[in-house]
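Colleague: A single structure is presented below for examination.
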């Protein structure tokens, strides 16, 4: 159950309250995914639990290997944390399926389901920010934009706290006025999350479409085109999931009359399936190499200017060239499809 689930539960009219004992009270409204069952949710949650466990192990391995080579990339640690949160969420959903009448388990499952997805939104926002700083260094490193991103991250943390508090409170009251206020908070939260999931799209397009007065400040390894496509594709998936959950939250349905969009297939597709695709795309496309930036980067040109010394130090530690190089080609020549360039003597030089 997500913020969408709690909003729907708070919105629907209560039924048979004379038979309800509590608090905490079970959800009274139709929710995305409904109440879990042993026949459907246990096997599905077990599969996703395994997928997230593999993801957690893989991203932690990447993080540790990079740290040993002196190349810090903390976003791999963030995805490890996200995968662990999803492991706990699926375990709790399995337990909830086995004990469907226990509202305390429902609360715990809902909290962990809410606590994870924000991390993916933040990761994509950081990647989009790096693309903006590479293509529009003056704008990307400007003080107002730095402040705007810091305020946005603070708002994300505040929104997470707000969602969790409202979610827990919704299980401890049957007062219609209180439930109405809780619903307002939760609708604001799911709308904010949908906007947050969407933000990397306009940021990336802004970086590409604005007139460029400076050369592209290349970073990481691989072509800039692949970096852009990775950010745009993962953002589109996350945006679809967030928009779907927000739309479901705005539609009130009683628990005994759920709509098609409350089906379990919709729950697993717009939540865990999308998330698995995104985190494995990060892993398979080695975003830890593509989006790596040198430590100490804090002004225009630092991505390319500080990279050579770092790569030299890494080669001394590793003892061999492992294929990691800064994307300096985009700094000198932002023609992404080109595979060769000509030096000052007219000879071809592979990029």
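Using N, Cα and C of the backbone, Cβ positions are placed for all residues, glycine too.
Take a look at what TrEMBL says about it:
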TRANSMEM  42-62  transmembrane segment
TRANSMEM  74-99  transmembrane segment
TRANSMEM  105-127  transmembrane segment
TRANSMEM  147-173  transmembrane segment
TRANSMEM  185-209  transmembrane segment
TRANSMEM  229-253  transmembrane segment
TRANSMEM  265-285  transmembrane segment
COMPBIAS  314-330  compositional bias 'Basic and acidic residues'
REGION    314-351  region 'Disordered'
COMPBIAS  340-351  compositional bias 'Basic and acidic residues'
Colleague: How about the transmembrane segment (42-62) and the transmembrane segment (265-285): do they have 3 or more C-beta pairs under 8 A, pairs 6 or more apart in sequence?
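Modeller: Counting Cβ pairs under 8 Å (6 or more apart in sequence), the transmembrane segment (42-62) reaches the transmembrane segment (265-285), since there are 3 or more.
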Colleague: For the transmembrane segment (105-127), which stretch among 74-99, 147-173, 185-209, 229-253 has the most Cβ pairs under 8 A?
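Modeller: Between the candidates 74-99, 147-173, 185-209, 229-253, the best contact partner of the transmembrane segment (105-127) is 74-99.
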Colleague: State the non-local partners of the transmembrane segment (229-253) in its own chain: residues 6+ outside its ends, Cβ under 8 Å from one of its Cβ atoms.
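Modeller: Distant Cβ neighbours of the transmembrane segment (229-253) are 2-4, 7-8, 11-12, 29-30, 32, 117, 120-121, 124, 127-128, 131, 186-187, 190-191, 193-194, 196-198, 200-201, 204, 259, 261-262, 266, 270-271, 274-275, 277-278, 281-282, 285, 287, 290.
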